[in-house]
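In what follows, a structure is listed as structure tokens, so that the remarks can point back to it.
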Amino acid sequence: MNTENGLSLFETKAAKGGSSAVAYKFFAFTVFVSIILIWLYRLICIPGAGEGGRWVWICMFVSEILFGLYWIITQSVRWNVVHRIPFKNRLSLRYEDKLPEVDVFVCTADYVIEPPTLVINTVLSAMSYNYPPEKLSIYLSDDGGSEFTFYALLEASEFAKNWLPFCKKFKVEPRAPAAYFERNLDLQDHVSAQEWFELKKLYEDMKSRIETVVQKGAIPKEIKEKHKGFSEWNSKIARNDHQSIVQILIDGRNPNSVDIDGYLLPTLVYMSREKRPQRPHHFKAGSMNALIRVSSKISNAPIILNLDCDMYSNDSDAVRDALCFFMDEKQGQKTSYVQYPQRYHNITKNDIYFSVARVTHQIELAGIDSNGGTLYCGTGCFHRRVSLCGMKFSEDNRSELKSVKDEIEGRPIEELEEASKLVANCSYEEGTQWGKEMGLVYGCPVEDIVTGLTIQCRGWRPIYYNPSRYAFLGIAATTLDQALVQHKRWSEGSFQIFLSKYCPFIYGRGKTKLAAQMGYCVYLLRAPISLATLCYAIAPSLCLLHGIHVFPEVSSLWFLPFAYVFVTKYAYGLAEALSCGDTLKSWWNSQRIWLFRRTTSYFFAFIDTIIRQLGFSQTTFIITAKVVDDDVMKRYENEILEFGSSSIMFTIIATIAMLNIFSFLWGIMRVVLAAESTRAFQQFIPSIILSGLLMMINIPVYQALFSRNDKGRITFSVLWKSVIIVSVASLLPIY
Ligand SMILES: O=c1ccn([C@@H]2O[C@H](COP(=O)(O)OP(=O)(O)O[C@H]3O[C@H](CO)[C@@H](O)[C@H](O)[C@H]3O)[C@@H](O)[C@H]2O)c(=O)[nH]1
Ligand SMILES: [Mn+2]
């Protein structure tokens, strides 16, 4: 009766209506048949031994096998898409006085590319959640070990005393001050104009104080005297070599920790775990695990929210939404984590770097089976602490956590800090199984994917929740180089998982559904699939230059399956993008970025993984910069591709663009001069179309090569390299 006639706290709905699901299955079946026909064609029509183009033919065949198998794998995530609807009013009615405690973990690693003001915006947005403050604790992990970040957090703890009451009073959204004040005051907001201006000034003063200190490169003495925590930086600290630091800036147990209206403030903690040069620190995973241990000494909340330092909360009710999935009487106990999609604050109209790609995929991954489920747990993810710590799910193993209330009551802050510092030491990990059986899994730069898999394999069910009001907003890469490097990290880490003992087909066998295993492989196999794309972007065009055909002539029946797969796959992709609210141009941009990623990021990821597998190199984690120069920003806002550097990735991009313009023009010339017989003419049409499309997609590359004068254009050295490579390649014989 307590549960209002058993109404659930959330609902799961199939995304597609009955008839369109049937239509999709029919469509998928016809594509599948066409793929088989393409394979048959390659087998039947293969050039004889000694005939020209036999090896190219085999390469095309292998590529088409890879494409075909990969296409089959991607069906798993489109088969049964579901949506979730939480009911936070019901939660409030039933559980308002029994809401669990929540620990928010924010990770930062470098005060230069992740400026302190950005970090504290995320922290402030989490502090001002519409949630009982005595049940909320915010932890900042600073892998940069920076005194500036610490100082900024100290400033934030003061600013919060004005900010939280303001947010509460006027129900402002979003609750990250920078994002909030970016918009002009809107009278519809029912905010008192006077208070708005006062707060804005308060925020801007704080921001300029922080920026001045960072610019000066030192913290003035009078500020240092304000807090004992600065003494940690008395001896010289290097970011890779320092003791562990834990400072409780706001102690939620203290009745005097109140805002200007006299209401309690949430607990606020700064942590920088111990780092030593000889010890692997395991990047974000290591930082998260240190946070799990440190928080267990201070608040030990049963629910944990992880945020990257740029991912501010955009919906102050997000905690309550997520709790519906954990606290539902029937299904809640099984829920291990609730992942929100990665959304970004700085996406331009047509999303030139196609940053939401990771998201678009997850919309589909969300609905792998009727239980739902998502494959990763990264930023914007709520965890049940016990499941994150390695516990298996079982019906009778529901014991939540031991509250630390009794242990910490009455103990002075310094004692809690000492106890926390101990567990933030790297030696602490040695005796335990952190990174193996406990916490986030080590050894892989995409800890979010491999950790998600291990949690699922322990019997828990993750939930993917994609609300219409985005719950979190981060910063997407704003240069091509950054975007490609980030995707290299993701695809490299993913392929490592596939080759490791965590391969979903082996590790997940019998523990997860086949569809979920396949779903993981949509990510994990991006690196090897790049070989097929490279072959398709290069071989047919090169062959065209040499007068060798690799596709059936257009009048042949064999041409049909090629045309069918090509047209329907792209038409479906376009329809899918438009139905997700993308513009036509952003779909077109996405095709270009897919080409770039597959021929550079994923390809290098493949090569590097193999090298690593042979034991020649170690895992790295290149942090994505969150700030860029003003003129770079201008170009980003105008949706102009940013090349600028002479990265080897750009040489590949430029080379493929050059090759295709040459082969297209050459192909057209042959047709116009009509030196060929009708049959030969028809045989070249498919290659000419392919080159032509590749050429059209690369128009911004030609502009960057030939017609732009700004700093973001492609450098001359890249231009010359690509011309030389194409010339040499077109002179080499083809087998
Ligand atoms: O040694 C490190 C390196 C990174 N980070 C933090 O990890 C977060 C993610 O780093 P970022 O460079 O922003 O990478 P992204 O590619 O944007 O991150 C995505 O991909 C990561 C896995 O590669 C996931 O961990 C993240 O949740 C997901 O948002 C940031 O807050 C960093 O400060 C650390 O704390 N310590
Ligand atoms: Mn990021």
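Heads up, the Cβ atoms here are built off N, Cα and C, so glycines get one too.
Per TrEMBL, the feature active site maps to Asp143, Asp448. If you look up TrEMBL, you'll see Glu114, Asp143 marked as UDP-alpha-D-glucose binding site. What TrEMBL lists as Mn(2+) binding site is Lys284, Asp308. What TrEMBL records for 21-43, 55-73, 520-539, 559-581, 602-628, 648-672, 684-702, 714-734 is transmembrane segment.
Asp143 (active site) and Lys284 (Mn(2+) binding site) are 8 Å apart (CA-CA, integer value).
Away from its own ends, the transmembrane segment (714-734) comes close to residues 52-53, 55-56, 542-543, 545-546, 548, 643-646, 650-651, 654-655, 657-659, 662, 701, 704-705 of its chain (Cβ-Cβ under 8 Å, at least six residues beyond either end). Cβ atoms under 8 Å from those of the transmembrane segment (55-73) belong to residues 31-32, 35, 38-39, 42-43, 46-47, 518, 521-522, 525, 528-529, 531-533, 535-536, 539-540, 542-543, 548, 550, 569, 734-735 of the same chain, restricted to positions at least 6 beyond its ends. For Asp448 (active site), the same-chain residues lying six or more positions away in sequence with a CB closer than 8 A to its CB are Tyr376, Cys377, Gly378, Thr379, Cys381, Leu440. On a Cα basis, Asp308 (Mn(2+) binding site) lies 12 Å away from Asp143 (active site).
Listed in sequence order, the recorded positions among Glu114, Asp143, Lys284, Asp308, Asp448 whose CB lies under 6 angstroms from an atom of ligand 2 come out as Asp308.
For the transmembrane segment (559-581), same-chain residues at least 6 beyond its ends with a Cβ under 8 Å from one of its own Cβ atoms are 27, 30-31, 33-35, 37-38, 41, 71, 360, 363, 551-553, 587, 590, 686. Pairs of Cβ atoms less than 8 Å apart link the transmembrane segment (602-628) most often to 520-539, out of 21-43, 520-539, 684-702. Annotation note: Asp308 (Mn(2+) binding site) sits in a strand segment as assigned by DSSP. Outside the transmembrane segment (684-702), and at least 6 residues removed from its termini, the chain residues within Cβ reach (under 8 Å) are 536-537, 540-541, 543-544, 549-554, 559, 562, 588, 591-592, 595, 640-641, 653-654, 656-657, 660-661, 663-664, 667-668, 670-671, 676, 714. Counting same-chain residues at least six beyond the ends of the transmembrane segment (21-43), those with a Cβ under 8 angstroms from any Cβ of the stretch are 14, 57, 60-61, 64-65, 67-68, 71-72, 75, 78, 552, 558, 560-562, 564-565, 568-569, 572. For the recorded site, Glu114 (UDP-alpha-D-glucose binding site), the DSSP three-state label reads coil.
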